[in-house]
Amino acid sequence: MPGYEKTLGTLMIGIVFNTFLYGLVMFQFATYYRTKFNDPVPIKLMVLFLFLIDNVHSIAVIYMLWEYCVTNFDNPSILLVALWPYTFTPIATAIAALVTQIFLGYRVYRLTKSPILYGIVVGLSFPACILGIVCGTKAWIIRESAKLIVLNKLVTAWLGLQVAADLFITGALTIVLLRSRTGFRKTDTVLYRLIRGAIQTGLFAGIFSLGDLATFLQYPDTNLYGMFAIPIGRIYTNTLLDTLLTRDELRDQLSGTVDIESSSRRQELSDLRWVANNKGQRTATTDGSNTIQLGEVEVRREVLVFGDDGTQTNPDDASLKKGHPMD
């Protein structure tokens, strides 16, 4: 059996980091319910379900650490046994991943109106969840850590599909949002923030899932994989709640005054020319200010006449119409 550094040490790191994330998501849960979003019942039930899963799993792994370090302090052989909170980890992770991926997949559908893309997300997420539950159930039955190596193929398939779903959602959201750029600074700022969130969604969950897979296959007789596996569920919950909580802030940014100082609008304003009225008052400005004040406006219409030979001839003065109001 490896030393305590690779068994209890790595397990403790994973549990401490999970507890930190657990505190963050509890704050997010409290903020969500305090804000009283006018969300449909399925969304509220989804949040409540994740709240229960996160509480059960996070409390269970703290209890597991107590069992390993305190209750069985003088019983090193306990490290050869995968306690039930450990084997419950794949189940809790798979469920949290499924809920988050289906929710984000629905966002892809709302943006693209493509049932094919949503079908791909569902086709990756549900099998991954089922495999995760199967892995957890089999590990629960086996219990002995040394024998968990028989789950290598199942774990590889489960985490492979889970990472594939994350990357597909990230790629789809990023491409859709990039194509939605408008050229307006405020709108594009919101879009870039959404793109950053989409990338973070797949990045962090993918890193931990791949770390879990690599360490499980390479170091099966240690708890290195637990350091990556235990916090994954909280990462998914954090992603989903962050998506829900930032809606009002992003909506407020979009509802503000449009910034006409963007490059495209500056070009349009630079082409704008007004003539002074007969009182010598300035009727418009293009000096970078956002306010254009209009007084009396004089419209000049110039008629250009071309002869049969293509040369331009000047019209008589009667062709200049003055004093016409701008309706």
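Numbers here mean position along the shown chain, with the first residue as 1.
Note that Cβ sites are derived from N, Cα and C of the backbone, with glycine treated the same way.
Counting same-chain residues at least six beyond the ends of the transmembrane segment (12-33), those with a Cβ under 8 angstroms from any Cβ of the stretch are 47, 51, 54, 58, 61-62, 64-65, 69, 223, 226-231, 234-235, 237-238, 241-242, 244-245. Residues annotated as transmembrane segment in TrEMBL: 12-33 (among others).
The transmembrane segment annotation in TrEMBL covers 45-66 (among others). Counting same-chain residues at least six beyond the ends of the transmembrane segment (45-66), those with a Cβ under 8 angstroms from any Cβ of the stretch are 11-12, 15, 18-19, 22, 25-26, 29, 32, 83-86, 88-89, 92, 95-96, 99, 103, 230, 233-234, 237, 240-241, 244.
Among the features that TrEMBL reports, transmembrane segment is placed at 78-104 (among others). Taking Cβ pairs closer than 8 Å, the transmembrane segment (78-104) reaches residues 1, 7-8, 46, 49-50, 53-54, 56-57, 60-61, 63-64, 67-68, 72, 121-122, 124-126, 128-133, 135-137, 139-140, 142-146, 148, 155, 158, 162, 165-166, 169, 173, 201, 205, 226, 229-230, 232-234, 236-237, 239-240, 243 in its own chain, all 6 or more past its ends.
Summarising the annotation, TrEMBL assigns transmembrane segment to 116-142 (among others).
Look at TrEMBL and you will find 154-178 (among others) tagged as transmembrane segment.
Under the heading domain 'DUF6534', TrEMBL lists 163-248. Across the domain 'DUF6534' (163-248), the model assigns an average pLDDT of 86.
What TrEMBL records for 190-211 (among others) is transmembrane segment. Same-chain residues lying 6 or more positions outside the transmembrane segment (190-211) and placing a CB less than 8 Å from one of its CB atoms are 97, 104, 159, 162-163, 166-167, 169-171, 173-174, 177-178, 180-182, 225, 227-229, 231-232, 235-236, 239, 242-243, 246, 250, 253-254.
The feature region 'Disordered' is assigned by TrEMBL to 306-327.
Annotation comment: TrEMBL describes 318-327 as compositional bias 'Basic and acidic residues'.
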